[in-house]
Amino acid sequence: MLVTNITTGLDRQTKDIVKSTVPLLQERGEDITKRFYQLLFKNNPELKNIFNQTNQRKGNQSKALANAVYSAAFYIDELEKIMPQVKQIAHKHKSLNIQPEHYPIVGENLLAAIKEVLNDSADEEVLVAWEKAYSVIADVFISTEKEMYQEAEKTIGGWSGFRNFIVVDKVVESDVITSLYLEAADGEPCAIHQPGQYITVKAEIEGAPYNYLRQYSLSCAPGGGAYRISVKREDGLNGHPPGIISNYLHSDINKGSILPITAPSGYFTLDSQDTRPLVLISGGVGLTPLLSMLESTIKNQPEREIYYIHATQNGKVHAMREAIQKLDKKHDQVHTYTVYDNPTDNDNKFYDKVGYIDYNYLSTILPTNNAAFYFCGPKGFMQSIYKSLSQFEVEDKDINYEFFGPSEEIKD
Ligand SMILES: Cc1cc2nc3c(=O)[nH]c(=O)nc-3n(C[C@H](O)[C@H](O)[C@H](O)COP(=O)(O)OP(=O)(O)OC[C@H]3O[C@@H](n4cnc5c(N)ncnc54)[C@H](O)[C@@H]3O)c2cc1C
Ligand code: HEM
């Protein structure tokens, strides 16, 4: 897609006006996107079927959207600079089956929110400029997503939208994590995913006013027939209610149940052309995309050194511990390390360190910083790993990570 052609559709004056709103967006961006979501769900309550309402309550989706709007305004002259961000968002949109007809609805409510929040600071000229700019930005998203949907449809076993899958097996992996094995209910093949990708599950719960959509990383190597997702049951800490869909998947979904899912999506994928050491670092249920990378590298790059470091509380919540240890014993290329912060008496021979993964630990166990690093886990964990990798002088180009929710700031 020629983004430069699309940007030239905006006249100089419009671009200058949009750019002049950058400081305001920096200051009031989140107020705008919070108001936008209020208006969106008031005017279009059916969109509650698509948006994760827990992310709305936590406020992290408003932040992610504010950052995207800010970047779009900042780079309105050279939209190609935000294409990596657009692609990342488009993967999430594709996984949620967002369609072109949704864009005018979002545009209308976003402009209404800009008008309301900026009030005196946004005259008619500013609103007209933003309307034009939104249309250009929306077109960039729509054409990027169109390419992705077309690609998904033409892939062998691929599809767009939701497709019914049958749960062919359910395996308890730890006190809190359970895996579901999924095969297409139509008996046809399903697309081979890239290690690190995720699918979206649609849960239609009887009596609930809306559907729920949630993403789950595929935790198996590609090409094994069934997809596997491994779900942590969220018990609801600090007075918050238990997680709706993780509990539903643990309790109400069993062998034989049908789950509608979208095709594999996501930009957090393994570069299997790279032959340098692979370093995988996970915290808690963040192990899922990394397991797919681990299994796939063993299968396809038997010469590549793999360092897999996993941190969790203790053996009770450590999923797939035995399976990973078997891989370590069987394949010389695999070196695994386990870090528990609260080990039980039964855990003695299973961990390498008590505490947390930090720079000192990484620099002791890893032979080099010239490697490909992939990590995933809770927000605090991710920020701490990023900091440790920076201390270890790992180049940013070698650092890959994914948040299990709307994108967040990696630098704490
Ligand atoms: C790309 C991606 C990949 C993912 N992969 C996996 C995976 O492989 N395995 C996995 O288990 N999960 C994964 N997730 C997370 C998953 O999508 C769900 O978010 C998770 O299962 C929780 O969903 P839920 O419906 O159970 O919880 P929700 O009901 O959405 O609640 C989530 C959490 O928020 C808390 N909460 C509720 N209300 C509030 C509030 N007002 N303020 C603060 N906290 C609140 C709940 O107690 C709970 O802990 C992934 C997410 C993404 C984006
Ligand atoms: C130009 C317009 C748009 C921009 C800039 C935008 C931006 C974003 C961003 C930044 C995210 C977070 C992605 C992540 O961090 O993973 C996101 C997610 C999402 N977007 Fe969009 N978006 C746009 C249009 C739309 C439209 C038209 C819809 C459909 C109604 C939509 C629905 C969603 C949903 C459902 C999510 C996931 C939210 C969640 O689960 O909490 N977006 N978008």
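Placed from the backbone N, Cα and C atoms, the Cβ positions cover glycine too.
Just so you know, TrEMBL annotations never went through curation; they're auto-generated.
If you check TrEMBL, you get these features:
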ACT_SITE  TYR103  active site, charge relay system
ACT_SITE  GLU145  active site, charge relay system
BINDING   HIS93  heme b binding site
BINDING   TYR198, ARG214, GLN215, TYR216, SER217, PHE403, PHE404, GLY405, PRO406  FAD binding site
BINDING   GLY284, VAL285, GLY286, LEU287, THR288, PRO289  NADP(+) binding site
DOMAIN    9-146  domain 'Globin'
DOMAIN    160-271  domain 'FAD-binding FR-type'
REGION    157-412  region 'Reductase'
SITE      TYR37  site 'Involved in heme-bound ligand stabilization and O-O bond activation'
SITE      LYS92  site 'Influences the redox potential of the prosthetic heme and FAD groups'
SITE      GLU402  site 'Influences the redox potential of the prosthetic heme and FAD groups'
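The record gives TYR198, ARG214, GLN215, TYR216, SER217, PHE403, PHE404, GLY405, PRO406 for FAD. Within 8 Å of the mean position of their Cβ atoms, the other Cβ atoms in that chain belong to GLU402.
For the recorded positions listed here (LYS92, HIS93), the lowest count of other CB atoms within 10 A around the CB belongs to LYS92. Sequence-distant contacts of GLU402 (site 'Influences the redox potential of the prosthetic heme and FAD groups'), defined by Cβ-Cβ distance under 8 angstroms and a gap of at least six in the same chain, are GLY196, SER217, GLY266, PHE268, PRO289, CYS376. Helix, strand and coil content of the domain 'Globin' (9-146), in residues and according to DSSP, is 117 helix, 0 strand, 21 coil.
Take TYR198, ARG214, GLN215, TYR216, SER217, PHE403, PHE404, GLY405, PRO406, the residues named in the record as contacts for FAD: the widest Cα to Cα gap among them comes to 14 Å.
Summary of the NADP(+) site environment: with the site residues GLY284, VAL285, GLY286, LEU287, THR288, PRO289 set aside, the chain residues having Cβ atoms within 8 Å of the Cβ mean position are SER217, SER219, SER230, LYS232, SER282, GLY283, LEU290, LEU291, CYS376, GLY377, PHE404. Note: the Cα of TYR103 (active site, charge relay system) and the Cα of HIS93 (heme b binding site) are spaced 11 Å from each other.
Among the recorded positions TYR37, TYR103, GLN215, GLY286, the ones whose Cβ sits under 6 Å from an atom of ligand 2 are, in sequence order, TYR103. Taking a Cβ distance under 6 Å to any atom of ligand 1 as the criterion, the recorded positions TYR37, SER217, PHE404 reduce to SER217, PHE404. Counting every protein chain shown, the Cβ of PRO289 (NADP(+) binding site) has 28 other Cβ atoms within 10 Å.
Counting every protein chain shown, the Cβ of TYR37 (site 'Involved in heme-bound ligand stabilization and O-O bond activation') has 21 other Cβ atoms within 10 Å. The two recorded residues, GLN215 (FAD binding site) and LYS92 (site 'Influences the redox potential of the prosthetic heme and FAD groups'), have Cα atoms 9 Å apart.
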